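Each remark here refers to the structure printed beneath this line.
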Amino acid sequence: MMALVCDTAVDDIEDMVRITDVTPLQRQAARKSVVPRARKHKQETGEQMQTDSVIPGMQKVWLKTWGCSHNSSDGEYMAGQLAVAGYQITEDSSDADLWLLNSCTVKSPAEDHFRNAIRKAQEQNKKVVLAGCVPQAQPRMDYIKDLSIIGVQQIDRVVEVVDEAIKGHSVRLLGQKKEKGKRLGGARLDLPKIRKNPLIEIISINTGCLNACTYCKTKHARGDLASYPVEELVERVRQSFQEGVCEIWLTSEDTGAYGRDIGSDLPTLLWRLVEEIPEGAMLRLGMTNPPYILEHLEEMSRILQHPRVFSFLHVPLQSASDSVLMEMRREYCCADFTHLVDYLKERVPGITIATDIICGFPGETDEDFEQTLALVRRYRFPSLFINQFYPRPGTPAALMQQLPAHVKKQRTKELSALFHSYRPYDHKMGEQQQVLVTEESFDSQYYVAHNKFYEQVLVPKRPEYLGKMVQVEVYECGKHYMKGRPLEEAPLRTAYTTAPLLKGQVSGHTQAGVCEPQCWMPDGMRILAVVLLLSAVLLALLMEKLL
């Protein structure tokens, strides 16, 4: 294993997980039923009896997701299972019977949005089910008291929880999936899902991590590392391409740590997946922390040069000060990070390195912060995620002596100003690039594409471009994007042999012809359900009068 550049003494990473049994295990099948929390009322009211008589599976559900691509993937799986069960997934929150709120606990503002959404749902008398990292990490918080929760390891049972919530019961499934005492990666990868973008498949390759960062709340929710077996991931990629996907995102809390719990590693997985990527499709690797990628730099440089893999890597630094990194328990030093970046830049020409910086961590001095500014000036990262430090409840960093709010805010502004002072793409004016077109821009004026280095290129909004590889000439450069003029003589290239699924269509549960989100319950079953529902309501009213 490649030695870390710094001399900081840290525990051997491989000592942090048990790998005595490396045999991949099958995920547990979902339970058929769930026991709702018992009511304490001695006598039910007529309204409660009518609620209990409601037949679930016909209502409209609005799903809102905050946070990372792992959370987005969980949301897609939950939407797919609910649609297969007969629920209609709606984009109109006001029209929904139930709100499924999939939360993020990384930063305080994200949790604030989550809390506000709960309050708004209650004001509108909506049924509510909570998901994601916030309720998993802190299920006893007052503002989620008595609300139903689906844990991050239990998303394959979302239908059970929503069914009970629709009937007025409070249900909480927060356990971990284990078999023979070994933690599993999570829900099965072959579950039905509704992709937010039918052209992009987001695959979680592992859940949890090996770190114990002092500021991180996600660890409380996602837990320790648990990787999916290579063969399951390969099969999921195959299925995705069979459904018209042209771009694969691999995600997790730390992709670089993949496989350490099952006797494998990230390069082994990537070489297997590369074999499955058809011409005209691309693979994007998600975030990796520095310690776990250092020993694989040579292999990773070859993988990132592959024509069907984006030459892009997201490696969070957080601070260029070794003393701050030590207080964060990041298990690397700044020299490790610079070695990684320099190595990849030399061997993967043009590679995009994205990174994260936390401004105002407890104990950060002016000198510490200046070291971070100097490193950003040196590398001029085209993609830089700047975060003002917010102490998260229950983390060691929340107990440390905090910096004044105005200091944290000022440092955040200073780093942001530095980031916006340079333009990373101006030298690419006039270049000819091959780009993969996957989505519509926020203003609906362009299609959004990405070149080999995962740099954003806007192209004219022509239907024939979507899902295709297009040859363009760059004619305009902005801070965060380029604009490309398609070369008419260059042929369009596509990865798929079958058309992509329609927006709202369920992956792994397709039907012939056009399939709207509400079509997964046969008409006869819907009619029977309506009859049973009306009968139950009439019976409840009759019993109320008799009592």
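Backbone N, Cα and C define each Cβ position, glycine as well.
The region 'Disordered' annotation in Swiss-Prot covers 30-51.
Across the domain 'MTTase N-terminal' (59-167), the prediction's mean pLDDT works out to 95. What Swiss-Prot records for 59-167 is domain 'MTTase N-terminal'.
Take the CB of C133 ([4Fe-4S] cluster 1 binding site) and look out to 10 A: across all protein chains shown you find 29 other CB atoms. According to DSSP, C133 ([4Fe-4S] cluster 1 binding site) sits within a helical segment. Residues or ranges marked as [4Fe-4S] cluster 1 binding site by Swiss-Prot: C68, C104, C133.
What Swiss-Prot lists as domain 'Radical SAM core' is 195-426.
Taking all protein chains in view, 21 other C-beta atoms sit within 10 angstroms of the C-beta of C216 ([4Fe-4S] cluster 2 binding site). DSSP assigns C216 ([4Fe-4S] cluster 2 binding site) to coil, not to a helix or a strand. Per Swiss-Prot, the feature [4Fe-4S] cluster 2 binding site maps to C209, C213, C216; the stated evidence is sequence analysis.
Taken from Swiss-Prot, the feature transmembrane segment covers 527-547.
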Listed binding-site residues (C68, C104), ranked by Cβ neighbours within 10 Å, top entry: C104
8 Å Cβ shell about C209, C213, C216 centroid, [4Fe-4S] cluster 2 site members excluded: N211, A212, Y215, T218, K219, E253
Nearest of the binding-site residues (C209, C213, C216) to C133 ([4Fe-4S] cluster 1 binding site) - Cα to Cα: C216
Candidate with the highest Cβ count within 10 Å, taken from the binding-site residues C209, C213: C209
Pairwise CA distance, C68 ([4Fe-4S] cluster 1 binding site) versus C209 ([4Fe-4S] cluster 2 binding site), rounded so that it is a whole Å: 15
CB-centroid shell, 8 A cutoff, [4Fe-4S] cluster 1 site C68, C104, C133, site residues removed: W66, G67, H70, N71, S103, T105, V106, A110, G132, T218, A221
Residue distribution over DSSP helix, strand and coil in the domain 'MTTase N-terminal' (59-167): 55 helix, 23 strand, 31 coil
